[in-house]
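Chemist: So TrEMBL lists the following for this protein:
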- 24-42: transmembrane segment (TRANSMEM)
- 84-109: transmembrane segment (TRANSMEM)
- 130-147: transmembrane segment (TRANSMEM)
- 182-204: transmembrane segment (TRANSMEM)
- 210-228: transmembrane segment (TRANSMEM)
- 272-296: transmembrane segment (TRANSMEM)
- 302-335: transmembrane segment (TRANSMEM)
- 347-367: transmembrane segment (TRANSMEM)
- 387-404: transmembrane segment (TRANSMEM)
Amino acid sequence: MSATVLSEGAQPEVSGRDRLQRGLVELLPPLLVAVAVLPFVISGGRGWPWAPATIDLDVYVLAVKDMLAGGNIYTTQSPGYGLFFIYPPVAAVLMAPLAVGPYVVWQLLWTAAGVAAQQAVLRRCGAPRGWPLALLGVVAVLAVEPVRTTLGYGQVNTFLMFLVVADLLPDAEGERRWLPRGTLVGLAAAIKLTPALFVVFAFLVGRRRLAWTAIASFAVLTLLGALLQPSRSLEFFGGLAAGDTRTAGPIYVGNQSLLGVVTRLADDDGRLVTLAGLALAAVVALLSAVVARWWWLRGHRVLAVALVGMGTCLASPLSWTHHHVWVLVLGMAVLVGWRDRSLPRWVLLLAGGWTLWVSLCLPLALLPYGQEVERGYGPLQELVANLGPVAGLGLLVGLTVRLLRRRGAPAPAGAPGPR
């Protein structure tokens, strides 16, 4: 099954040299732009000597150094910011190479890998090859806040998105696979639990082998972390069960999840309100997977994957603005749907509007935040603070209504091929 792309016609065979040249054309422009702007993305960076404030990468490096020295990765704090390592122990194990070598080298390598992952996602979602892909990458780095700040913080969000997309959206017909499909989804879920929703989605669309492979991959990697860090594994999963996220509270406006909306509107992050928000989140997570199944089976595979990714962000208890990198996939679904007129106009408008809103990150741009000032928001401020998750929920509800109206209707002849 081949992916529908923005460009017309079959892709010609290319030599190894041409493939390398094309790869450099597609990667270097967004990478150079990223390196140039990175020191100015997060406060505290310096342009020369080049020293961006990759504060999450700081935490990863400090945590793995403490781990290798026999320390506790969950008591590690970054100097100045006081950030903790919040991932399962296996994530620290996989990041162990960060303990070796100059930090600035890892900053460059991490940035290059992040941009490469971003470009691979765009390509698998239908972006035309060559300079158009390079231009889309530059736009993503400059104009899409989740992508830009993921690079700025030195975060893992784009990597996790790539792992999922690489398993679900093939690059080309007959591409060579070094690992069984599902292995990378399991890896993503082992590093950060929310991608596990894609396992549910895989079962729903009949990709059972992929789903079981993902479960096995997740189990093996989690067991590896438990064997190498048994005390830390008990600490992490025990704390998670008790509701300890080791981060800021859900009421913070940078938390663009449904739980964040519920706690801000209720002006209460107590147990009952939190449970209500989590219950809503669970329903929305399942809803996103069910709705995505409908679109997947009708050939709109990029849109389907984007909807599940959006569901992980809406349903997660804490979804900082930079977690919403799935707008990259949704944006590509909108572009492809607009070009080949395969999606209803209202879907394009709602999905495109949500992509634009999340990309601009207006809540953090327009509103005061921190120190729980969110509790004093007025009606207009509440609207700005909560519009993103509510609009995302509205998109899912609208797609659900369409599903119910057309339930059981066969896909029309000439329906678009798998994406």
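Just so it is clear, glycine is given a Cβ too, placed from its N, Cα and C backbone atoms.
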Chemist: Is it the case that the transmembrane segment (302-335) and the transmembrane segment (210-228) touch, counting contact as three or more CB pairs under 8 Å in which the residues of each pair are 6 or more positions apart?
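Modeler: By the criterion, they do not touch.
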Chemist: Need a quick answer: max count of Cβ pairs under 8 Å to the transmembrane segment (272-296), which of 24-42, 84-109, 130-147, 182-204, 347-367 is it?
Modeler: 182-204
Chemist: So which of 24-42, 130-147, 210-228, 387-404 is most in touch with the transmembrane segment (84-109), counting Cβ pairs under 8 Å?
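Modeler: Between the candidates 24-42, 130-147, 210-228, 387-404, the best contact partner of the transmembrane segment (84-109) is 210-228.
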Chemist: Would you kindly list the residues that approach the transmembrane segment (210-228) from elsewhere in its chain, counting only those six or more residues past its ends and only Cβ-Cβ distances under 8 Å?
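Modeler: Counting only partners 6 or more residues beyond its ends, the transmembrane segment (210-228) has Cβ contacts under 8 Å with 88-93, 167-168, 180-187, 189-190, 196, 198-199, 202-203.
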Chemist: For the transmembrane segment (130-147), name the stretch out of 182-204, 347-367, 387-404 with the most CB-CB pairs under 8 Å.
Modeler: 347-367
Chemist: Which residues of the same chain, at least 6 past either end of the transmembrane segment (182-204), have a Cβ under 8 Å from a Cβ in it?
Modeler: 87-88, 90-91, 94, 156, 160, 163-164, 166-168, 210-222, 225, 285-286, 288-290, 292-293, 296, 304, 308, 311-313, 315-316
Chemist: For the transmembrane segment (387-404), give me same-chain residues lying six or more residues beyond its boundaries with a C-beta closer than 8 angstroms to one of its C-beta atoms, as numbers and ranges.
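Modeler: For the transmembrane segment (387-404), the sequence-distant neighbours (Cβ-Cβ under 8 Å, at least 6 residues beyond its ends) are 256-258, 260-261, 284, 287-288, 290-291, 294-295, 307, 310-311, 313-314, 344, 346-347, 350-351, 353-354, 357-358, 363.
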